[in-house]
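Inspection log for the structure reproduced underneath, given as structure tokens.
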Amino acid sequence: MACGEFSLIARYFDRVRSSRLDVELGIGDDCALLNIPEKQTLAISTDTLVAGNHFLPDIDPADLAYKALAVNLSDLAAMGADPAWLTLALTLPDVDEAWLESFSDSLFDLLNYYDMQLIGGDTTRGPLSMTLGIHGFVPMGRALTRSGAKPGDWIYVTGTPGDSAAGLAILQNRLQVADAKDADYLIKRHLRPSPRILQGQALRDLANSAIDLSDGLISDLGHIVKASDCGARIDLALLPFSDALSRHVVPEQALRWALSGGEDYELCFTVPELNRGALDVALGHLGVPFTCIGQMTADIEGLCFIRDGEPVTLDWKGYDHFATP
């Protein structure tokens, strides 16, 4: 049976399993009606994902739904926000009901995990793409931003950057990894990144600045440097790598992917000396490693990379959709 737009929405996307109290009216009308809790600031982010640009055209729909939501959740994590609502505008080349069922099941699994509600969106026909709008709350005056770093702050990253780029290389047959367990781990880091929501919430009163690593450490830390009007000195020997990555690529390739590979969706943040002890306590029990890789400074401009105590020049750049090849 043919599935039209409204029956498609009703069948696959209008299936609220638990309504949030702050949603007065969700899917099914011209607008959603929403209530912002008292003494909370609304945090909003929007991402567009296009087949062949942001994801491989043959990606499993369950992985696509997970990643599409996870990368938006990562934006909320970088602000220290609590997830709340999602809008989804989905463009499909045709109606494949098996594809839609897999996509929507995965999407709602992750929505329910974070106690979120899909509140609206749109569907249309065309090349596969989607735009997600995510909304969350952060207590007034406690949001993390890119512009708060100060000279003397210590620079940290969560997790092990570079894994996602390696996973993509495996999927594109640019990297051969014979160990199935390592290959699966690296591919999963690309297809199903872990938004660091709990870490972002814990950093609200500890970090001066934060950003999620979507385009690579060079690019994303560069945003903090620019917004905060100070420099950053990074010791390359301190960058953390996963065992799975280190076992299968030479150190220089691991370094390149960690700095410029992108799509890790870890957090990079800066913490004043006074808060380092509290940071160890706050993040230490969350099960995700976090590593100090350098320090913000007033005596240099931009990013300075150190190897064996000496400055080194790197010509790598983070991902840029409009960069000239």
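Including glycine, each Cβ sits where the backbone N, Cα and C put it.
Under the heading Mg(2+) 4 binding site, Swiss-Prot lists ASP30, SER45, ASP75. Marked as Mg(2+) 3 binding site by Swiss-Prot: ASP30, ASP75, ASP212. Residues or ranges marked as Mg(2+) 1 binding site by Swiss-Prot: THR46, ASP47, ASP122. Annotated Mg(2+) 2 binding site per Swiss-Prot: ASP47, ASP75, in sequence order, evidence recorded as sequence analysis. According to Swiss-Prot, the feature substrate binding site maps to HIS54, GLU263, TYR319, an assignment based on sequence analysis. Feature annotation from Swiss-Prot assigns ATP binding site to GLY121, ASP122, ARG146, SER214; the stated evidence is sequence analysis. Among the features that Swiss-Prot reports, Mg(2+) 5 binding site is placed at ASP215, with the record citing sequence analysis.
Swiss-Prot feature annotations superimposed on the structure.
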{"residue": "ASP30", "record": "Mg(2+) 4 binding site", "Cβ within 10 Å": "6"}
{"residue": "SER45", "record": "Mg(2+) 4 binding site", "Cβ within 10 Å": "19"}
{"residue": "THR46", "record": "Mg(2+) 1 binding site", "Cβ within 10 Å": "12"}
{"residue": "ASP47", "record": "Mg(2+) 1 binding site", "Cβ within 10 Å": "17"}
{"residue": "HIS54", "record": "substrate binding site", "Cβ within 10 Å": "18"}
{"residue": "ASP75", "record": "Mg(2+) 4 binding site", "Cβ within 10 Å": "22"}
{"residue": "GLY121", "record": "ATP binding site", "Cβ within 10 Å": "18"}
{"residue": "ASP122", "record": "Mg(2+) 1 binding site", "Cβ within 10 Å": "12"}
{"residue": "ASP212", "record": "Mg(2+) 3 binding site", "Cβ within 10 Å": "26"}
{"residue": "ASP215", "record": "Mg(2+) 5 binding site", "Cβ within 10 Å": "21"}
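For the recorded site, ASP215 (Mg(2+) 5 binding site), the DSSP three-state label reads coil. A helical conformation is recorded for ASP75 (Mg(2+) 4 binding site) in the three-state DSSP classification. When the record's ATP-binding residues GLY121, ASP122, ARG146, SER214 are compared pairwise by CA position, the greatest distance found is 32 Å. Counting in whole angstrom, the residue listed as 'Mg(2+) 5 binding site' lies 15 from ARG146 (ATP binding site) by their C-alpha atoms. Calculated from their C-alpha atoms, the gap between THR46 (Mg(2+) 1 binding site) and ASP212 (Mg(2+) 3 binding site) amounts to 14 Å. Counting Cβ atoms from all protein chains shown, ARG146 (ATP binding site) has 20 others lying within 10 Å of its own Cβ. Other than the site residues THR46, ASP47, ASP122, same-chain residues with C-beta atoms no more than 8 angstroms from the centre of those residues' C-beta atoms, the Mg(2+) 1 site, are THR48, THR87, LEU88, ALA89, MET130, THR131, LEU132, GLY133. All chains included, 21 other C-beta atoms sit within 10 angstroms of the C-beta of SER214 (ATP binding site). The CA atom of ASP122 (Mg(2+) 1 binding site) is located 11 Å away from the CA atom of ASP30 (Mg(2+) 4 binding site). Rounded to the nearest whole angstrom, the C-alpha distance between ASP30 (Mg(2+) 4 binding site) and GLU263 (substrate binding site) is 34. In this structure the C-alpha atoms belonging to SER45 (Mg(2+) 4 binding site) and GLY121 (ATP binding site) are separated by 15 Å.
Counting Cβ atoms from all protein chains shown, GLU263 (substrate binding site) has 24 others lying within 10 Å of its own Cβ.
In the three-state DSSP reading, GLU263 (substrate binding site) counts as coil. ASP212 (Mg(2+) 3 binding site) has its Cα within 10 Å of the Cα of these binding-site residues: ASP75, taken from ASP47, HIS54, ASP75, GLY121.
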